[in-house]
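Each remark here refers to the structure printed beneath this line.
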Amino acid sequence: MFDEYVEHSTAAPLNHGPSLQSRGLQYEGFEPAQPEDALDQDPQDTVEAGAPQAPIFDLGQVQCAINAPLVSLVVCSDMLVMGLASNVLILIELAHATQVTRIPIPVKQNEMTLYKLFMDPSGRHIIITSTQGQNWYLYRTWKKPRQLKTFNKLVIESIGWNKAAMLSNSQPTSTREILIGARNGTIYEAMLNAEEDFFKSQERYLQPVFSLPELHPITGVKYDVFPPSDPRRALVVVTTPSRIYQFVGAPDRRADESGRIFTSLFAAYRATVPKILELPGDTQHSELHYYTSNPDQALSLPRSLAWMTAPGIYHGNFNFESTTDDFIDAADVLHYSTSGDASELPVSIALTDFHYVILYKDRIAGVCHLNDKLAYEEPLPLKPSEEVRGITADPIRKTYWVYTDQSIFELLVGNEDRDVWKIYLEQGQFEIALRYAKTASQRNRVLAAQANAFFSEGHFFQAAQCYAQCSVSFEEVVLKFLDVNERDALRSYLISRLERTKKSDITQRMMLATWLVEFYLSKCNELDDMVASESVLHDVGNLQAERSILEDDLRHFFETYKGNLDPKTTYELIQGHGRTDMYLHYASAIGDSERVVEHWIMEEDWSQAIDALNRQSDLDLYYRFGAVLLRQAPKETVDSWLKQPTLDPMRLIPSLLQLQHAPRDPLSPNQAIRYLNHVVFDQQNTSPTIHNLLITFYIMPSSAPSTSLPTSDDGPILRFLGKPFYDLDYALRLCKQTGRTQPCVHIYSKMGLYENSVDLALEKGDLELAKINAEMPEDDQPLRKKLWLKIARYVVQDKKDIKTAMRFLENTDLLKIEDILPFFPDFVVIDDFKEEIAHALEGYSSHIDALRNEMDDATKTAESIKQDINALRNRFVTIDAGDTCSVCSHLLLTRQFYVFPCRHDFHADCLIGLAKEYMPAHSLRRMLALQTELMKGAGTPISSAIITGPASLPPSAVAVQPQGRQNHTQRTLLSANFTSPLQNGTRAANLLGRNLLSAGDKIRDLIVPDALAALVTAPTWIPGIGGGRRIGNDTDGGKKVEKLRAELDDLLASSCPLCESVVVGLDKPFITEGEVDTTWTL
């Protein structure tokens, strides 16, 4: 890789020939990598290189006390069962190895010799057979075995268990259908059930189903039903010491699961011969073993089998999809060949995933069944008199146990697939080797070998992919492909290396990507040349399709690896090959829209330039190329601008001004006006510059006079002049220069120069326009009348149309006939407006009559008011002697009082005290001023208005008593507010006046109800109160006092304070702030 790129200053040992090596040339390039220098080397590789590898097999002795010779050992599902010569069974659950169960067989040792033990895959059912033909059955939870009486005189050599039923736990107490291979050469079908049933024994049935013709002992029997999802067929494999049989057929299906499913299968072979393979030998001992990849699954099928015979181990793989009667594929025989005696036969064998474990009398060996080579051999640590019995395997847990008559050994199988990848690599099965390669160095070796194999076979594209994934040096691979001129495969290799290069290796990725661009462009040009040269003689459809695919690949490459390419270098490469389409695509891919637009502008392809501009989001390009595009394709350019609402119209003004000096078709709309209208009306732009520019285009749309719009077409500009953001002076100046009357009149109106607007409209003879502008100053009636007089003078004096002038008066109500008569000539025939004058005089006459009627009505109303006033003076109210004051509840007639129409009665002083609480501030101030003036007007102490009461009471709490009843110290007005009592009302009034400003919010406290009650009216008329006469009524001072008293009386009697307080208090809460409401307290 590029990470290995180094610079050398010494001679490099390159293997490119003796000349290069002898010259000692300096070079720069990729240092050749050793095979162990993997690109993605795993740290585990370095650990494995320095540390010894874990062994595949490891034999260890099990610490177990055996007090009698061990005859047989079986292990299934972590359940270990030993059969001793003393007819004792030892059960050990390996998960709880310390818990050992000893179960004796209830038979004398001289009466039965234990031969073999058999246990189902679930580890629940155990069958014991003896050489005398006695058979016993033990369920896992039983304390003692039970003899199988129907199995009497039957020496069992092998049992085929129903693995699917045993592992599914559907009926844990039942063995379901089992096949028993006996020593007499007969196959039996049987079923045992450990369930306690009084009417049934554990032996459900035992029946023979097939007898072999040679009557040799059946050393192995196994069966499987398939397919697992719908078991319609069964395969039964039976072995004898020299033969292997295959029985295939459909088992009987019984709904009650009562067994006996193999009767019809074996019955079919009574007339025909099953598939038989014979391997003759001089031994009577053989074993049949299956290997299943996932044995813990009930419906799993075995993968392979091994049959130990005299000539060797017969092995093969199962093919349950076979259409013939032979279901064993790739069958072969592994001959025994060890360091010992060549004629020595093994005692027993076991089958693992990749090895045959062969047990001899003194040693154990492991042979890999992938290459039939010895992978493991170890001598057994036997005692002098110790005899090897056999090896047994737990088919579910995949554990292996070797046992002798005195010891038990466990063969640990670990890291079994350690060297499997090497074997498959040597055999050329690279895909399988990759599957078993565990480290990066292993994968690297496999991929390198696979790549070399593909290259030597001429499969260059496959070789390129493999080379890209291994550590073969970059330059070596490149030179290989260049030597055979396989540039397409080299391109594939470079792409794969680029995909696997780290993103942080920026330089390496850039070099690879640039080289690939060169490859793509060269190939495209090569295909172009081939298409051009062969188009005459041959059909070039395939070449064109290949070129199209290659161009698509290059476009996709640009989009994927644009970040790894240098733009300047890539542009030069593409231009060097003359690929304009790729040039534009690459520019678009990297977002270089400026170069794309420039290209199409140079080609004068304006539509393509505008399309390229629309596909990008850089607004600066709109401003940069706006001038040339708007001049060459104005409509399309403006359409493009309208699609970009974020454009700044201020920066487009230079481009828009191009259209003002460019020739234009008078029948086509002005695109500058179209865009500016969009900005002003749709985008609501308020810039004065934009508005002024739009006015400029409206008034002077083109520099050529012949193409200018007619001056009478003022509708668009008048619609625009309603906007308030343009410069009125600038617009007025332009309109005057171009003679636009209506716009000028409108602008004058906007400026408030209504006289100028009317004068200009009349100057141009536009009477209707003048009328419209005359009505604009709606709030200024004199100005409106003046404007209408201007129009009237124009109609009368300039138009000299008397009839029109008369009709003109009907349009406005501001002018009368007498207003326009001065404009008529001195000598004019009255016949033209005689009727109008008559109408005017009739109108005046009717108006005078209306005014006279209004005056009469006013006189009548005044007389009626006078009569009502006189009637009010004589109005009276009858009161009873027992009526009381509405405030103090004392008799009303005891002192001066007021009676209101609402029938509320008050003493004068009570009325004043109540009224001052609801009077507004200005009324209170006026009442205080009247109180002061009245006290000044009195001049001497008023004997009839003496205020009495304790000094501690406020003025509002004192009572007025008649003069004849005074028998204590007299106090005058406000005496309670000062240190020494005042002796006369004059001083009190003076001091009261001086303290008005300092009273502030205490105006109500300064008003003394008792004193005011005495001052309102002389008390001589009050019933029951004597004394006094009116003082100074005939003098000027007396008249003034009477006037003040009348005003004070009007102020007090204007309204009833009780009724008024109800209205005043409508907006006030019932409970004031700070007041505690206890009305709802329980």
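Glycine residues also receive a Cβ, built from the backbone N, Cα and C atoms like all the rest.
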Feature coiled coil in TrEMBL, mapped to one of the ranges 1-35, 841-875, 946-980: 841-875
Distant-in-sequence neighbours of the coiled coil (841-875), which means Cβ under 8 A and at least six residues beyond its ends: none
Tally of DSSP helical, extended and coil residues in the domain 'Pep3/Vps18 RING C-terminal' (880-938): 29 helix, 8 strand, 22 coil
Taken over the domain 'Pep3/Vps18 RING C-terminal' (880-938), the model's mean pLDDT: 85
